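S.K.: Pulled from Swiss-Prot, these are the listed features:
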- 2-13: disulfide bond (DISULFID)
- 30-123: disulfide bond (DISULFID)
- 100-115: disulfide bond (DISULFID)
- 9-124: domain 'C-type lectin' (DOMAIN)
């Protein structure tokens, strides 16, 4: 079961936060919300669709941080919760000067943007 204000899907709990933070602060905020909490990670297109169903009505057409980043500058993107990057939403990773991945609230299109940008975000933890 998920706490009040959190939504349940496939054994995880999710919550949209209508405040903007940079990637690092948002990830830290998520870890402080619940044990095992992180910025959202996607393991399937169904999970991504579920998150879109949460974010789109609240945030309309904007971006949310995901837990995906290359903050260690290792030329390898990783989820902040340590899960496998098996689902990529057909995303072609072009390595740029930016390191953090945000997701479009309307359609889950990913974009690599500067980690210092202020964006809304979704936290997730295992129920």
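Glycine is treated like the rest: Cβ placed from N, Cα and C.
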S.K.: Identify, among the disulfide-bonded residues 2, 13, 100, 115, 123, the residue whose Cβ has the fewest other Cβ atoms within 10 Å in this structure.
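M.R.: 2, out of the disulfide-bonded residues 2, 13, 100, 115, 123, has the fewest neighbouring Cβ atoms within 10 Å.
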S.K.: When you put residue 123 (disulfide bond) at the centre and draw a 10 Å sphere around its Cα, which of the disulfide-bonded residues 2, 13, 100, 115 have their Cα inside it?
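M.R.: Cα within 10 Å of residue 123 (disulfide bond): 13.
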S.K.: How big is the gap, in Å, between the Cα of residue 13 (disulfide bond) and that of residue 30 (disulfide bond), rounded to a whole number?
M.R.: 12
S.K.: Summarise the domain 'C-type lectin' (9-124) by DSSP state, stating how many residues are helix, strand and coil.
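M.R.: Breakdown, helix to coil: 26 helix, 37 strand, 53 coil.
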S.K.: Can you give the mean pLDDT for the domain 'C-type lectin' (9-124), rounded to a whole number?
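M.R.: Taking every residue in the domain 'C-type lectin' (9-124) and averaging pLDDT yields 89.
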S.K.: Whole-number Å distance between the CA of residue 115 (disulfide bond) and the CA of residue 2 (disulfide bond)?
M.R.: 29
S.K.: Any idea what DSSP makes of residue 2 (disulfide bond), helix, strand or coil?
M.R.: coil
S.K.: Rounded to a whole number, how many Å is the Cα of residue 30 (disulfide bond) away from the Cα of residue 2 (disulfide bond)?
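M.R.: Residue 30 (disulfide bond) and residue 2 (disulfide bond) have their Cα atoms 15 Å apart.
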